[in-house]
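Step one of this worksheet: look at the structure below.
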Amino acid sequence: QITTSKVKKINAGGFSLNERHTANVQKKPVRNTATSRAPPTTTKNVSSVNKNHVSKPTMKPATDNPAVKNPVTTASEPGKKRQPWDLKGKLKDLEVRNAALTRKLNMTKEQMASERDELLLMHDRKVKELEEKIRESRKELEENKRMMTQKAEELEMSISNLENEKASLTSDLLVTEQERTELKLTVDGLTSAKAEVSTELMSTKVMLEEAMREVKQLKALTAEQDNAIKEQNEKLIKNESERRLLHNTIQELKGNIRVFCRVRPLIGEELTAGSGEIGHIDFPDKAGDGKILELKKLGEISTSENSMYEFNFDRVFAPNCTQREVFEEISQLVQSALDGYHVCIFAYGQTGSGKTYTMEGPNNPDCDNEGMIPRAVNQVFASSENLKDKGWQYEMEVSFLEIYNETIRDLIGNGQDDVKHEIKMTSASSMEVTVTNLTSVKVSKRAQVYKLLAKAGEKRAVAETNCNLKSSRSHSLFQMKICGHNTVTQERCMGLLNLIDLAGSERLKASGSQGQRLKETQSINKSLSNLGNVIMALVNKDSYIPYRNSKLTHLLQHCLGGNSKVLMFVNVSPKEECFSETLNSLRFASMVNACNIGTATKRIK
């Protein structure tokens with residue numbers, strides 16, 4: 001097969017492919033053994049053939065071969081094989097086939113985008129309809145309550161009036177009896193008064209009966225309202241199940257493993273050391289949702305293939321993006337953990353690129369710059385509280401560890417430092433792992449988790465290097481196990497949320513590490529290198545994946561093994577002198593983004 005680039009290289013020699021072939025034919029004419037035995041015939045001169053299509057001599061005489069008479073027509077006829085010498089025809093066929101395949105691929109992409117948009121529109125429409133029904137039901141309920149309260153007040157007033165009338169009648173009866181005793185002569189008057197009293201008593205009984213009927217009607221109306229409320233609650237539970245199904249369908253369409261890129265802003269002395277701007281990184285997709293990043297080597301021609309690099313990710317966050325904006329993009333993954341899925345979010349990048357700030361936030365967090373871990377904890381507790389009305393009850397359990405020099409440390413335990421922690425498989429048929437002697441704390445309030453995070457932050461290994469004043473010298477892993485039970489549908493699920501802050505890669509020459517710092521740097525770079533080997537094996541679909549080459553990859557086995565929803569942050573430093581490390585990080589992130597680990601499944605207990 002001859003590609004366009006090869007044709008250009010042939011033409012670069014000074015004359016076209018047809019001219020070179022014509023020259024070869026003129027220099028070395030092919031002897032036709034078949035025609036040498038036949039009587040001599042008159043053949044056409046090469047110059048009489050079309051200049052753009054020069055045919056080679058064939059085994060038959062020129063007068064009997066239709067390809068020689070009209071090579072262009074013969075080569076372009078559909079269903080027939082082109083002559084070996086018809087290179088332009090073959091190239092044209094390849095271009096036609098390539099154009100057809102390109103049109104088919106574009107149609108497939110448009111169809112998938114249309115289906116995704118329809119699913120999103122359907123989801124939004126159902127949510128709006130449900131919210132409108134809830135608002136109407138609440139309005140009806142408030143109106144019924146107001147009417148019941150008003151009727152109850154009227155009934156109380158009627159009863160009070162009846163009691164007053166009854167007391168008045170009783171007083172009249174006493175007076176009448178006294179008058180009858182004292183004045184026997186007024187018997188007729190007393191008899192008439194007695195008749196009047198009897199009439200009043202009858203009317204009082206009638207009023208009491210009417211009041212009792214009204215009370216009975218109010219009770220029936222209350223029962224109807226209770227049934228309506230019960231039906232609405234059942235609809236809410238059913239709609240919540242549909243929402244979970246649609247939510248996970250959307251997440252599967254987006255992909256089980258995604259990559260977000262975040263560029264740290266210039267801080268401190270970096271703002272005054274240069275121009276105060278990041279010149280070697282550009283974001284061309286500013287008008288869209290930010291998925292493209294361009295990296296260029298300053299001082300070189302921008303059109304050079306070796307000085308301009310373009311990367312595409314699922315989301316690219318410019319330096320001016322806030323923690324809140326970043327978390328909004330991963331909040332749906334956190335929701336998947338409540339729905340019973342395993343979720344893994346980890347930050348990767350060179351030292352000083354902002355990984356710990358992204359995952360944990362600053363030392364004194366507020367509502368605007370909290371990291372992904374505290375924000376995820378807030379969402380889990382807030383969502384679990386909202387789902388109580390739909391019958392869901394949740395139990396949460398957290399653990400926090402670090403891998404320092406290939407040794408696992410418990411960051412929230414109260415035990416001795418010499419306690420050994422080993423990684424064990426939960427079962428022979430499962431890729432899930434567990435860590436022995438690791439502290440696991442049941443929590444019911446977010447304040448309990450905040451205390452554990454503060455305790456882990458004090459115990460985590462950090463140190464100063466030439467590259468970073470406060471460099472993390474270990475990989476940290478925060479894990480929250482979420483067990484849910486629906487008391488209405490009896491459904492049970494178990495989700496797992498893993499939030500990982502990887503130690504930053506660094507060059508030994510740049511960091512100036514010595515002694516213990518040197519050992520830490522070597523251990524960090526080795527574990528990150530093993531992570532790259534695992535990703536490469538997954539991309540190549542190798543039969544053997546080297547998970548056990550390091551503690552980090554061994555712990556991530558259940559996440560990368562195809563049964564989790566995985567997202568990676570690749571954090572980038574804005575400093576131009578870190579160009580090489582930035583390029584390596586972005587290339588590794590692109591390889592991760594191309595990794596297909598399969599579809600995650602819901603965990604049902």
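Placed from the backbone N, Cα and C atoms, the Cβ positions cover glycine too.
In TrEMBL, annotation is done automatically, which means it is predicted and not curated.
TrEMBL annotations:
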type	residues	note
BINDING	Gly349, Gln350, Thr351, Gly352, Ser353, Gly354, Lys355, Thr356	ATP binding site
COILED	91-235	coiled coil
COMPBIAS	32-52	compositional bias 'Polar residues'
DOMAIN	256-595	domain 'Kinesin motor'
REGION	1-85	region 'Disordered'
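Counting every protein chain shown, the number of other Cβ atoms lying within 10 Å of the Cβ of Lys355 (ATP binding site) is 25. The domain 'Kinesin motor' (256-595) scores a mean pLDDT of 86 in the predicted structure. Neighbour count (other Cβ atoms within 10 Å of the Cβ, all protein chains): 24 for Thr351 (ATP binding site). Note on the binding-site residues Gln350, Ser353: the fewest other CB atoms within 10 A surround the CB of Gln350.
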